[in-house]
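Quick notes on the structure that follows.
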């Protein structure tokens, strides 16, 4: 009697443990053409442990197809035919024994767009298609761009490794073909630019130029590319000083070497412009005879103003360049010369005393003339006795 009483309890326990047909999968999945996507999936089905253990087979089918006759898009059953167009691209991932039906779709194609359903088979008792939970796949045009990776900033003369990758791509399907283009790559072997990685030794002239990585999937008309602008750090170069006259029409002189002497007329006004090519921009400062000039005289752009230069304002002028990758300086001698009119000109104070000097000279000359006339007259009368003495000495 006891076994008969326990039988309903055992049946009740078995019924409670009996699973049902359930499928958990995304209803809608979108992937770009040429890329891949992983669709997580899990399932359950009724199965009793005292049954025999035939192999468990799972299948993914195109919607609308008859499971008994149609080719599958993915399965773990080696005896079932797989559609040629999905062979190797649609794959089951995970352990189906652990109820994992995840589907990997690689190298997605436009014709893959559509609905798919999952089916499970085990022996004669389990043959079920989960038609109530279908996967809707949409393949859109490729808009994803490659990623270009490298350590910034690039430094002139220092080799740097660059890599290009396409987000969303996977190993399934034909391999990717990479190609690099850009002015900075001209000295490289053309075969090097066919790899996803390359080593670049940038030059100063490469700063601001474009570098492009193009990715194409072999056998498919799917191409995408990304272009980046190179930021190359380089030490100061082409240091020069240009001299401008305030009332001039252009550059009066361009100094490219140290120690050059530049003559200039006293009273002229100049602008001195110090220029240098570097990245990042260098810090410029002006010195006269080794001493830093007042910041109010200079500007951030390296321009120095010298208004109405005096005779004592010449000397050695130096432009110094400070940069993380190196420093430079350039000097010249400013020789101030008196103008030709300064030899015959006097100051305003001196010009005011000229009338008095002329008056004194004029008075002195008049006095000297008077004294000379008086002296000659006195000598004449003294020696000759005058007119009366001359008449007395005449004979009767």
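Start at 1 and count along the chain as shown; that gives each residue its number.
Keep in mind that glycine also has a Cβ here, set from the backbone N, Cα and C atoms.
Note that the coordinates shown come from a computational prediction; the quantities given were computed from them, not determined experimentally.
According to Swiss-Prot, the features are:
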- 164-213: disulfide bond (DISULFID)
- 274-319: disulfide bond (DISULFID)
- 19-136: domain 'Ig-like V-type' (DOMAIN)
- 146-229: domain 'Ig-like C2-type 1' (DOMAIN)
- 236-331: domain 'Ig-like C2-type 2' (DOMAIN)
- 190-209: region 'Disordered' (REGION)
- 1-16: signal peptide (SIGNAL)
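The domain 'Ig-like C2-type 2' (236-331): residue composition by secondary structure is 3 helix, 56 strand, 37 coil, according to DSSP. The Cβ neighbour count for residue 213 (disulfide bond), using a 10 Å radius and every protein chain shown, is 26. Between residue 164 (disulfide bond) and residue 319 (disulfide bond), the C-alpha separation comes to 43 Å. It is 42 Å from the Cα atom of residue 319 (disulfide bond) to that of residue 213 (disulfide bond). Other Cβ atoms within 10 Å of the Cβ of residue 164 (disulfide bond) number 24 in total over all chains. The Cβ of residue 274 (disulfide bond) has 25 other Cβ atoms within 10 Å, all protein chains considered. Within the domain 'Ig-like V-type' (19-136), the DSSP-based counts of helix, strand and coil residues read 6 helix, 54 strand, 58 coil. Averaged over the domain 'Ig-like V-type' (19-136), the predicted model reaches a pLDDT of 93. Here the CA atom of residue 213 (disulfide bond) lies 39 Å from the CA atom of residue 274 (disulfide bond).
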